[in-house]
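To keep things clear, I will list the structure first and then write my remarks on it.
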Amino acid sequence: TDGSVPNTLVIANCEVVKPRVAAAEHISQFNEEARSPFVKKYKTIIHPGEVNRIRELPQSSRIVATHTDSPDVLIWDVEAQPNRHAVLGATHSRPDLILTGHQDNAEFALAMCPTEPYVLSGVTGTFMTGKDKSVVLWSIQDHITTMATDPTKSPGSGGSIIKQNKPGEGNEKAADGPSLGPRGVFCGHEDTVEDVTFCPSSAQEFCSVGDDSCLILWDARVGTGPTVKVEKAHNADLHCVDWNPHDDNLILTGSADHTVRMFDRRNLTSNGIGSPIYKFEGHKAAVLCVQWSPDKSSVFGSSAEDGLLNIWDYDKVGKKVERASRSPSAPAGLFFQHAGHRDKVVDFHWNASDPWTVVSVSDDCDTTGGGGTLQIWRMSDLIYRPEEEVLAELEKFKSHVISCATKA
C-alpha cells in the first residue's frame, strides 16, 4: 500500500506435505520470516486496484473473480493471462471480463455458484455513498452466448470468456475489456452487504448478510425482493455467511457480536427475530469468516479478529463423550483451535482435494507494521477421527513396540 510495487494477483503452485511426514530437520530449520520452499509462484497478474477478495469458479479452476476498490467485479482467465513483472510503473493486466451493475464500490461480498457459472456480489465498504445496498447476480454463460451469436463481438477460443485483443490494443484501462451486465439486482438490505453465498444445489437461490443485522434469502425465479428476511439474526453487524454443501437447510452466520449462529431455513424467524438452532460462543472478537468443511457435514470453521481459527463439530454439542474429553470451560462443539496467526484471520478455505487441510490468511498490520501472512496447515488425524479408532491404533502401536522390545 506504500505504492512501491503494483497491486498483484499471484497464482502459485503448492506442494502440500503428506500427513505424518513432518521431518525433524525441517521443523528445526523453520523460519517464520523466510519464504516457504513449498510455495512457488506460477504467474503474476498486475491488478487494476487493490485485491480484496478472490473466488474461483468451481466449474473451471482457471477462471477467478476478484473484488477491487471499484463497482466492478473482474473476471480473469489465469491460464490465458500473460505473466507480468511487478515493477513500479508497470501498466496493469487487462481483465478477460468486467461485470457491471453496482453503483458503489463492491469490495468484499463475492461468491461463485457450485452448479453453474454464476457470480454473486454485494456492496461492502466504509466509504459508501449510500445509494447501493444491493446484491447483484451475473451468468458468465451470458457473455459466451452473446459472443457466439453476435458477429460484431470478438470471438473467444472454443467458448472461452477471453476476448481476442485487436492489433495495437494494450493494457491501459480496465474499461477496455469486454463487460457484462447483470441477470438481476436484488434489493432488501438497509445497510452494506457484507457477504453472499449460493445454495449448493441451485444457481437461482442464494443468501446475503449485512450491517443491518439481517440474513436474507433470495430466489431469482420469483423476483428481486427477499423471499425470507431475518431482521435480527445477530445482535450486531453480520460479517459472513456459508451454506452447508451437505445439507441445503443449514446456514452459518458470523457476526461482530463474537458469535457464530446456525440456522435451519425451514424455521428461520420468530416474530422477525432470528431463531438459530445453536449459538457457538468461542471467539473473543468479531467473527470474519465461516465455512463448512467438505469432509464432514457437521464440521465447520470460523475465524475472527482475535487471531484464532476455530474448528467446530455440531454433532459433538451436548454429547457426554465430548464434554468428558475436554475441559469444562471449553465451548460446546469446539474441538480444535489454530492459533498460529499473529493478528486477525480475515479469510480461510478448506482444501476440497486434501482432507482436513486449510489455507488461512491474516492481516498482520497491527502487530507487524504491514503485510499479511498466508498459512497452509492440517490438524492431526488423531484429533478428528472417532475415539474408538484412535484407541485401537494406539493399542496396535503399543503391541508393536512390546514385540520389538521382546525380540531385541
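Glycine is treated like the rest: Cβ placed from N, Cα and C.
Copied over from TrEMBL, here are the features:
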type	residues	note
REGION	147-179	region 'Disordered'
REPEAT	186-219	repeat 'WD'
REPEAT	231-264	repeat 'WD'
REPEAT	280-313	repeat 'WD'
Task: Cβ contacts under 8 Å made by the repeat 'WD' (231-264) with residues that lie 6+ beyond its boundaries - done: 114, 191, 194-201, 207-215, 272-281, 283-292, 294, 297, 300, 302, 304, 312, 314
- [ ] Quickly jot the same-chain residues contacting the repeat 'WD' (186-219) by Cβ under 8 Å, restricted to those at least six beyond its ends, or write none.
- [x] 108-116, 118, 120-125, 128, 133-137, 139, 225-245, 248, 251, 253, 255, 263, 265, 268, 274
TODO: Could you tell me how many residues in the repeat 'WD' (231-264) are helical, how many are strand and how many are coil under DSSP?
DONE: 0 helix, 18 strand, 16 coil
TODO: Tell me the residue counts in helix, strand and coil for the repeat 'WD' (280-313), as DSSP assigns them.
DONE: 0 helix, 18 strand, 16 coil
TODO: Take the repeat 'WD' (186-219) and count its residues per DSSP category (helix H/G/I, strand E/B, coil), listing them in that order.
DONE: 0 helix, 22 strand, 12 coil
